[in-house]
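Per TrEMBL, these features apply:
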type	residues	note
TRANSMEM	135-152	transmembrane segment
TRANSMEM	182-208	transmembrane segment
TRANSMEM	228-253	transmembrane segment
TRANSMEM	329-349	transmembrane segment
TRANSMEM	355-374	transmembrane segment
TRANSMEM	422-443	transmembrane segment
TRANSMEM	455-477	transmembrane segment
TRANSMEM	483-502	transmembrane segment
């Protein structure tokens, strides 16, 4: 098993997942989402894919993912044709469950291969006699057994594994200086799931800096005369061809605006039903606190305040009571400002693949912190690539432990049934204990990975979970304030994720890059 994990081999890993999804029998909303998309793409012509609205779970992923569902549907018909009937809302059967669960495991083979390629990119400066202490082995486990990816894909049900496989493979190709392959993979990825546009600035600037400009001066500054028009043209052709293949048919049908409206539904509101643990969760909580204070001090009229606004569980637009309401444009501006320093660092303080990964993680985190209608699952977009940095420096390992522990804990509300409680706690403990022990062993000669304040913060997640899962349901507050556990989880985790984001930013901005490394 250890050798398989180190090189990215996945036979034992896949067998474990088979046992795992057998235990994860609960069906969540995303199971019906993807069943409905199978039915839409299988039965309806292309011209109706982004108009069909029999189910509330309309098709809102880019065309490449729709074609992916189309291909799966032609396999699914041999398992249970009834799952492909559009009108069969919330349809389930043993064959349907088996097919959808197994399809996720099968497509994870791309993720396994991508992890293998990422492990090949790791230098061997920290050689170890014991295979369990090798950086490549630790990285393989941190990626293959990532707690968040396991529960999101194999209990909650999604296809993030092969999508992250595409992203990690594109990262590996850029690290290997196979720039066109990396660009092609990322372009394809964007047309599978548009959330990866969060990290597009990192890709764009890195390819421009490292591929379109082919040389640096001795002091590390850019040699402007090294600009390659051919390289820019090749990158442009890749982007145009992939976009034409994906969006071209809908452009011909005159349906591109409809597709765009499905991909970017701004009417869904600032926050999801469960607030993603980001800046807006803290903003909402502050608005709630000020509202309560205003009511008690008679500064606000209680009859004019909507009940349970922003916490009622519905996905819709809400107005803040005290603080200014936030618009999509405001979130876009905040995100742009938050990303800008990391992009400048990538351009003016080039560090090769390491600098690219730092910028990628910061772009993902900044978009998560300030984006519009962010899902809590988007935190994985920062955690997974940060795994590659965590095995290289003790400072990055400490940030990884904070972000991964807090970010993974914030996913707990996705699994809310009683049978899932021991599963998520056990898996979280296993992954967290391994992360801490392996990284501590890897950097045993370095200073402590976490300071005492960071350690206390993470330990407090335990009483928070006990209160939310055991104590609160036994109190009378459950009927009157059912949103309290979600609010506490979101706000507490938002503090940790914000701290990790700021700490990584400070690390990147204050890091000194040797002139020789800049020139290289």
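Positions of Cβ are set from backbone N, Cα and C atoms, glycine also.
Across 329-349, 355-374, 455-477, 483-502, the stretch most heavily in contact with the transmembrane segment (182-208), judged by Cβ pairs under 8 Å, is 355-374.
When Cβ-Cβ distances below 8 Å are used as the criterion, the transmembrane segment (355-374) is approached by residues 171, 174-175, 198-203, 205-206, 210, 265-266, 268-272, 276, 278-280, 328, 331-332, 334-335, 338-339, 341-343, 345-346, 349, 381-382, 385-386, 388-389, 403, 497-498, 500-501, 504-505, 508 of the same chain, each at least six residues removed from its ends. For the transmembrane segment (483-502), the residues of the chain that approach it from at least six positions outside its boundaries are 274-279, 281-282, 285, 288, 308, 311-313, 362, 365-366, 368-369, 379, 399, 402-403, 405-407, 409-410, 412-413, 454, 457-458, 460-461, 464, 467-469, 472, 477, judged by C-beta separation under 8 angstroms.
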